[in-house]
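What Swiss-Prot annotates here:
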BINDING   GLU72, ASP74, HIS87  divalent metal cation binding site
DOMAIN    40-309  domain 'GP-PDE'
TOPO_DOM  25-195  topological domain 'Cytoplasmic'
TOPO_DOM  217-314  topological domain 'Extracellular'
TRANSMEM  4-24  transmembrane segment
TRANSMEM  196-216  transmembrane segment
Amino acid sequence: MSSTAAFYLLSTLGGYLVTSFLLLKYPTLLHQRKKQRFLSKHISHRGGAGENLENTMAAFQHAVKIGTDMLELDCHITKDEQVVVSHDENLKRATGVNVNISDLKYCELPPYLGKLDVSFQRACQCEGKDNRIPLLKEVFEAFPNTPINIDIKVNNNVLIKKVSELVKRYNREHLTVWGNANYEIVEKCYKENSDIPILFSLQRVLLILGLFFTGLLPFVPIREQFFEIPMPSIILKLKEPHTMSRSQKFLIWLSDLLLMRKALFDHLTARGIQVYIWVLNEEQEYKRAFDLGATGVMTDYPTKLRDFLHNFSA
């Protein structure tokens, strides 16, 4: 390569790196900041699955009472096309009955067991008396002013349409975010109702990471408004150490290193995209998330997170 060609190549590369760095720090030079209809620091996962039975009205009422900023819940659809709040399509884990929600009418759904495992807390269970699977419309009616984060659990066109209709009926486009880790589900949600903000699918999260590490992210427009990701390191506390291989531990470490990036979070939040990290249940995890620049934390223990935020901001 001639010295002239090398000079132009290095000049171009240098200009790209400088421009990328500047736009990473100041993205509004190129992109209009997204309007934030609400801001959520405190997010109750399944209503707070460590303090009440998950996805029940009792859980949601408790979370709202202590001041949560957002309820996170999961939706399925019954045989008679009722949108219900439940994490699992198959009810064996939660009710002890090996049936699918989609195979039953709403009136036929069995009640939750009185005690359920807390999915993101090892060797921990939660008890509760409210064991009824609620309808999504009940949640909307009970909490008209509370932001709600809806995980569309199955790729079902009727479910997506019904959820959209309920959001519109209760005038909640400005208080709702929906989507799933599945790319196709998120695309269908956006196509069904683009007025409801969407979250990043797993495929889009991986794309964002690729763009970030290559310096291209500052140049790319983003449609989504909510970047919801796990903190990979918490997997280590959920499993017995001796059951994990060295390669598994390395992959968790590497995933955490790549995903938990303050520069990435700062760039996204500067563009008006909220960053939520799930599912964190310990104070050191809360602190790490907020120190990294996360907008909000999703937890099974809303009371614990409320107390932390009170002390953290004091």
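Note that the numbers count up from 1, one per residue, in the order the chain is shown.
The backbone N, Cα and C atoms fix where each Cβ goes, and this holds for glycine too.
Within the model, the domain 'GP-PDE' (40-309) shows a mean pLDDT value of 98, rounded to a whole number.
The record gives GLU72, ASP74, HIS87 for divalent metal cation. Within 8 Å of the mean position of their Cβ atoms, the other Cβ atoms in that chain belong to HIS45, ARG46, GLU54, ASN55, LEU73, CYS75, VAL85, SER86, ASP151, LYS153. Residue counts of the topological domain 'Extracellular' (217-314) by helix, strand and coil are 56 helix, 14 strand, 28 coil (DSSP-based). Reduced to three states, the DSSP call for GLU72 (divalent metal cation binding site) is strand. Cβ contacts within 10 Å of GLU72 (divalent metal cation binding site), excluding its own Cβ and spanning all protein chains shown: 27.
For ASP74 (divalent metal cation binding site), applying a Cβ distance below 8 Å and a minimum sequence separation of six or more within one chain yields ARG46, ASN55, VAL85, SER86, HIS87, ILE150, ASP151, LYS153. Annotation note: HIS87 (divalent metal cation binding site) sits in a coil segment as assigned by DSSP.
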